[in-house]
Amino acid sequence: MAFACGRAITFFAHAVTAVRPMWLGFDPKPLKQRVYFSNHASHGDFILIWSVLPPRQRQVTRPVAGADYWRKGKLRSYIGSDVFNALLIERSGAQSAETPVDLMAKALDEGASLIIFPEGTRNLTDATLLPFKSGIFHLARLRPQTEFVPVWIENLNRVLPKGAFIPVPLMCEVVFGAPMKVQDDETKDEFLMRSRDALLALRPRSEAS
Amino acid sequence: MDHARSDLLTVIAGIGGVLVFASLVGWLLQWRYSPDGENSAIENLNARIRAWWIMTIAISLAFLGGRLGVVALFALCSFAALREFMTLTNATRADHNSLAVAFFVVLPFQFWLVWTQWYGLAAVFIPVYVFLLLPIVSALSGETRNYLVRIAEMQWALMICVYCVSYVPALLNLNIPGYTGRGVLLIAFLVIVVQLSDVLQYIWGKLIGRRKIAPKLSPSKTVEGFIGGCLSATLIGTCLWWMTPFSPLQAAGMSLLITQMGFAGGLVMSAIKRDRGVKDWGHSIAGHGGFIDRLDSVLFAAPIFFHVTRYFWNVG
């Protein structure tokens, strides 16, 4: 049932966006553990990444998402937990014993790959990309052998902008860049800057307004 | 089996024969010059031929499915084309509601009008009503930056991708004496002549093309390709007069008209692509690009073909 729902959502995503993956310096086929980090403008972001990954990768890839959104309502929690097996993070209020980064590291140890959005929240501004939160750096430090893959999602913010319920059909691209790892002597700011630049470099038609 | 259907099957069989021949040539070229896929021109040619098979099968099924099949097929093409066009426009989140109306109200309604044969409204719905009403939806969002550009692009997208495309199935609604029930053949005539003209211009251009017509717009279009392609497509169109309500001479004139408009369509849509800095409209049809890349010539030919035919042959 969850599998069929996943298929239905993937089909719908393709019907609306004709999404096309682009692999720039990244080979998706080897079954390796990875952390995909991406720009975040829409609740559909991880669905789009998920639906262009090869099926085997899909099974082990878990999106990291906000619990406040994905626990609200039966349908959302079903899609979040059962279909996508999302790793839900409490963003507000009570701090639990484990930090979000610890939870992610634990999921990696269990063999999962992750989809994270280092901006920390949906970018609803006119800025191309918000500054990265430090979580991605701490995760990279905790698990230095894991590959971090930048993934640029193009156009989905126009398909489903803030506050809209009906997705508008526009063509989307999901661009995967070369995997990167944190270097031994790299500071937090350096790594955040380097990973952010790697993501920005993937924008197609970046000269267009 | 009635006459129209047997003629339709003859046409489909003929196209199938041409495709078998093209596939053989493509296979021979590959075997001789590109056994390991090293010649990208030949690889692209074969990708195009494979896509032609799929497009031919899809359109043949639609024709055999009758009115519903034809209207549904072109509504789907219109949807895909509109999606490609809107992607390249300046529409922002302020236009979200306008876009939703364009895709989910205007497009289905236009094809519904064609389906119900409401000619009077189908002819003015987008150029008059949508033209005046849709900018209001965008104005209500309060975003004024690029406003004129945004609404002009949206209207253009709807005219090209919905209004013009809907003229193809609208050919079924013409009432031509002695041609009842054969409307599908008129569509087949239009599509065959336009697409053959494209293909033949490409082939003539590759063989003897020297002088470029519009190097800034489309580096592959040459004077020799244009003349050779249009004339040979017109010749074939003339030989297909039995599909149409036209005499052979009339069929020749119509074919010439269609090929000229088709060529113009390719040129205009190329100019838009260059303006936006893209090579193809999309990537949905392997080897060809997007839907608009394949439809551009049909889009421009269909409304003129429809109105000329309607003016001279239609009754009632």
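Glycine too: its Cβ is placed from the backbone N, Cα and C atoms.
Values in this document were obtained by computation on a predicted structure and should not be read as measured data.
Taken from TrEMBL, the feature transmembrane segment covers B:7-29, B:49-82, B:94-115, B:121-142, B:154-172, B:184-204, B:225-243, B:249-272.
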Tell me whether the transmembrane segment (B:94-115) sits in contact with the transmembrane segment (B:154-172), defined here as at least 3 Cβ pairs under 8 Å among residues 6 or more apart in sequence.
yes
Considering only Cβ pairs under 8 Å, which range in B:121-142, B:154-172, B:249-272 makes the most contacts with the transmembrane segment (B:184-204)?
B:249-272
For the transmembrane segment (B:154-172) and the transmembrane segment (B:7-29), check the count of CB pairs under 8 Å (sequence separation 6 or more) and say whether it reaches 3 or more.
no
